[in-house]
Amino acid sequence: MAKQTFSTLETFLIFLLLMMTAITVALLSLLFITSGTIENHKDSGFPSTQGPTVTQVSPLTSTPEPTLTSTPETTLMSTPAPTLFTNFTGYHIGVGRADCTGQVADINLMGYSKRGQNARGLLTRLFSRAFIMAEPDGSNRMAFVSIDIGMVSQRMRLEVLKRLQSKYGSLYRRDNVILSGTHTHSGPAGYFQYTVFVIASEGFSNRTFEYMVTGIMKSIEIAHTNMKPGKLFINKGNVDGAQINRSPFSYLQNPQSERARYSSDTDKEMIVLKMVDLNGDDLGLISWFAIHPVSMNNSNHLVNSDNMGYASYLFEQEKNKEHLPGQGPFVAAFASSNLGDVSPNTRGPRCTNTGESCDNANSTCPVGGSTMCVAMGPGEDMLNSTQITGQIMYQAAKELYASAFQEVTGPLISAHQWVNMTNVTVSLNSTHTAKTCKPALGYSFAAGTIDGAGSLNFTQGTTVSDPFWDNIRDQLLGKPSDEIKECHKPKPVLIHTGELSKPHPWHPDIVDVQIITLGSLAITAIPGEFTTMSGRRFREAIKAEFATYGMQNMTVIISGLCNVYTHYIATYEEYQVQRYEAASTIYGPHTLSAYIQLYKVLAKAIATDTVANLSSGPEPPFFKQLIAPLIPNIVDRPPMGKNFGDVLQPPNPKYRLGEVVEVTFVGANPKNSAENRDSKGFYWHKGLLGRSNATIEWHIPETAQPGIYRIRYFGHNRKQDLFKPAVILPFESTSSTFEVVTT
């Protein structure tokens, strides 16, 4: 590889940037908060009880609008299980959905790690969707929760388990509860405890953490309360036109004989689990499909659930007619799978400056390098692409749901262990072993992907370190040991996270491995992102292990982004060429083999009825003090002569179905509010000196009733007088009325 060179100006700018980063890290290390409070700062003025901050669109002639409220969990008492009817075949089934949106302004969005990509409003709400299944006698049960967030953090998992234990005793535990993130890259960050993710989040937001945990708990509580006798059915089918492999060069490193067994370089199969009561009435579904929710790219600033969430929205609206979005009894989760190298941007990567393809080993353009290589499509813009991809998944799931007749029956068994992933001995063959490594990120990690390139001049496929960057790293963070460099070869180590511990460890050592079986269905909870071929090898190995011990023809489901986040899991062959996914395989080249080995232990224990003999493993830490957010709270101020809520841009007098109503108000920072908004499209425009505007859009659906409407805006402004603590004051406003007509 040619040596990278820099001009004097570039070198100075890079040095300046790195020094700023070093100063930022140093400052972060000094800024601590005490966990367990709603707000990170004592003077937040966050009200103890909040009315909804609702963006409502309603006919003036209708009945009063519903009020959406959500109260943070304050009292957790042991709650007995409801009495279960036992004289039937099937499972007790409960479904629940709750809002978990959290902060929608002045917080980084989690996924792209792009500095400055902070939330500025709300496009769609985020939900936690819980599904509880129990055997007829109630002796064994499980809870699967799919959450519209980037990934589940270990801190979140531990806090949910703690609250479940406090409320339900031993009913819901580490072995029978799976928390899975959909992997939207447009959800709020700030809910992690390991330093890499805290830096990427620009601090820890206890407010967002609290609302996410509260939403997860509420969804489980609703599912628990609503349990009823029912049946489960499974169906499978291929989905075309929704995905491409974003690292085909890596995929081609896998043995040709292995690749020849598959017709595509992505997993096209969707698995749908259908839930009905004993009368055949619909209860809910879980769909697992491999696709990255990155249709909304890294230029987006609106909190939303991306393509997976849009598919859930469409399915729930179909089943919950006459209900507002996020309401109604039917719950539809589109959950993540082995999506590591799978992109929804089906038009593929092209150079944004020339329009030429950049589908090459390094994803670079002749002019502009990797930052110009971006994947687009299939729509005209990112919102249109989100809708198209979500529609494809929804339609596929709808057809599979309607034709799902294979019933799932049999015992429910759960197995779980905590494992130190930095020190797993892997049997390669009868004579050779290898070990996993302390965590480290490679050079290509900094390059990003075709779905969101990094901001510096790194490229994918880098297998040789650069003395310039190595020297900067050594000066700021210290030198990586020879041990970690040797273990990760051929990855050139950019950041030796496994050897960094200030202010807290930079990456997790202890991770969850977990399998839950319902008869011939095995749900494997994966703490990261399998690539396509990693997922295929894993499924085959676990299925074969079950068969070895008498459980034949098991359907093995990969549920991704579960319980703790550990980045990617590439195959050994993919690891050798060090594109983004391999550089982000933090435990080294034998990570996949280690996971296969660990999950085979769980499969054997389930098949041989020896789960009780499994050791729990080393319990992960829960850090008490974390880094405070970098974005401060400031006082809100209206313009001279204006008040909060004043209408700056009124609606037109009349609109047709399909048109967009847009109203702008004198606004205040949305993070002052309790994050309980029913929004059709909320855009926050941050100005100087605490001034801001709020624009609310309503895309009038074709199903809307003709009539007279208005837009209502509910907000909260932060006020602080000299030498007095800050207070949060509510305000509300209503636009002038407008008419919706059919023609």
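Any Cβ shown, glycine's included, is placed from N, Cα and C.
Some features that TrEMBL has for this protein:
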type	residues	note
TRANSMEM	12-33	transmembrane segment
BINDING	HIS183, HIS292, GLU529, TYR568	Zn(2+) binding site
ACT_SITE	SER343	active site, nucleophile
DOMAIN	600-675	domain 'Neutral/alkaline non-lysosomal ceramidase C-terminal'
DOMAIN	681-740	domain 'Neutral/alkaline non-lysosomal ceramidase C-terminal'
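Taking all protein chains in view, 26 other C-beta atoms sit within 10 angstroms of the C-beta of HIS183 (Zn(2+) binding site). Mapped onto DSSP helix, strand and coil, the domain 'Neutral/alkaline non-lysosomal ceramidase C-terminal' (600-675) counts 14 helix, 17 strand, 45 coil.
Within 10 Å of SER343 (active site, nucleophile), counting CA to CA, the binding-site residues HIS183, HIS292, GLU529, TYR568 contribute HIS292. Between the binding-site residues HIS292, TYR568, the minimum number of other C-beta atoms within 10 Å of a residue's C-beta occurs at TYR568. If you take every residue in the domain 'Neutral/alkaline non-lysosomal ceramidase C-terminal' (600-675) and average the pLDDT, you get 94. For the Zn(2+) site, the Cβ centre of HIS183, HIS292, GLU529, TYR568 serves as reference, and the other residues of the chain with Cβ at most 8 Å from it are SER336, LEU339, GLY340, VAL342, GLY528, GLY560, LEU561. Note: the domain 'Neutral/alkaline non-lysosomal ceramidase C-terminal' (681-740) comprises 0 helix, 37 strand, 23 coil (DSSP; helix = H, G, I, strand = E, B).
When Cβ neighbours within 10 Å are tallied across all protein chains shown, the highest count among the recorded positions SER343, GLU529 belongs to GLU529.
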